[in-house]
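Asker: Supplied in structure tokens, the structure appears directly below.
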Amino acid sequence: MSGGVYGGDEVGALVFDIGSYTVRAGYAGEDCPKVDFPTAIGVVLERDDGSTMMEIDGDKGKQGGPTYYIDTNALRVPRENMEAISPLKNGMVEDWDSFQAILDHTYKMHVKSEASLHPVLMSEAPWNTRAKREKLTELMFEHYSIPAFFLCKTAVLTAFANGRSTGLILDSGATHTTAIPVHDGYVLQQGIVKSPLAGDFITMQCRELFQEMNIELIPPYMIASKEAVREGSPANWKRKEKLPQVTRSWHNYMCNCVIQDFQASVLQVSDSTYDEQVAAQMPTVHYEFPNGYNCDFGAERLKIPEGLFDPSNVKGLSGNTMLGVSHVVTTSVGMCDIDIRPGLYGSVIVAGGNTLIQSFTDRLNRELSQKTPPSMRLKLIANNTTVERRFSSWIGGSILASLGTFQQMWISKQEYEEGGKQCVERKCP
């Protein structure tokens, strides 16, 4: 075995699972990540005269470069000229400087230990490109000089977290909903089906609803004080006096935080295809916005998530050919070899934060059982706890990196030095 033995339990391998919405990181062998903070980060570019803003809790980039504000607390402070950006696009790293800032921050503030002491297992999108994988490998070995590295596809890790090596992973996160077939721990690339209808899409739908209802979205950072008002009456709040000139992207990010809270508290998927009459009978949910305005939401709380299952229902997308969630699953299975289909239908694993909308799995189960051929046994695997569903690929990574049998799988520093960054293609399927 090359490059020295790494005993998974003793070394304390680190597991990074960087998604489009949050970053999850922590030690292998633990049952949940140590940190979970937004992937969106604040960036203040340099002023013309070369001076930046006051340095308090920012992470300075390269000399004279931008200042990054990472983690919930630093990001949510209003600052002049701070843009909110995300290093990822389509689940893959796009902006390497800000991606590196996230890693630096995690090592400095949360791991609080030398990067060179811990092997790293990192999750990646199943469609990650070869060039990006090699660049990431190079970054980890050259810049952080870690002792060993491994890249694993998110879907495979999710399957492992649920004790399976074969199954169909339905992952609905922030930017996309995907069905990914996994067989014996390998992703079947030809069967991947993606749809852009996911968490961010629901956020957009909520935004449109608020515009129709004339509800003004006021993020908490603007509010100095507010008074309790009767249901449905106009809000009575005072604006903060000295607010800096914030950028549009950052203000948007703060508004989205409010909407995401609304999404989690109010929305529900209807049990069967959306029907005005049935929806009107459903109990309403009371919600209060940060500025004190409050009202009840009835049918609309079922109408918004309906777009996930029945895209023809969504206004503004008429004539679209997008697939609903259950179609994504059946299409994906249909693209796989006929012999392995029973194994896929037999463990459809639901993961991702967007699937936590109330009754999501019930509706999916119902639709799939109507679409599954009678010869197949359908089994839907969905953890009930938020943690396991949001962190499923991190948990899978934690299990994998601490297995004794996995220890010969690492790309060791020695192998990297001998074989270069190409070894990631060979060692990490």
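Think of each number as a place in line: the chain as shown, counted from 1.
Glycine residues also receive a Cβ, built from the backbone N, Cα and C atoms like all the rest.
The feature SUMO2 cross-link is assigned by Swiss-Prot to LYS62. Annotation source Swiss-Prot lists N-acetylserine at SER2, citing similarity to another entry. Residues or ranges marked as phosphoserine by Swiss-Prot on the basis of similarity to another entry: SER86, SER233.
Could you give the neighbours, burial and distances for every feature on this list?
Answerer: In the three-state DSSP scheme, SER86 (phosphoserine) is classed as coil. The 10 Å shell around the Cβ of SER86 (phosphoserine) contains 19 further Cβ atoms across the protein chains shown.
Sequence-distant contacts (6 or more apart, same chain, Cβ under 8 Å) of SER233 (phosphoserine) do not exist in this structure.
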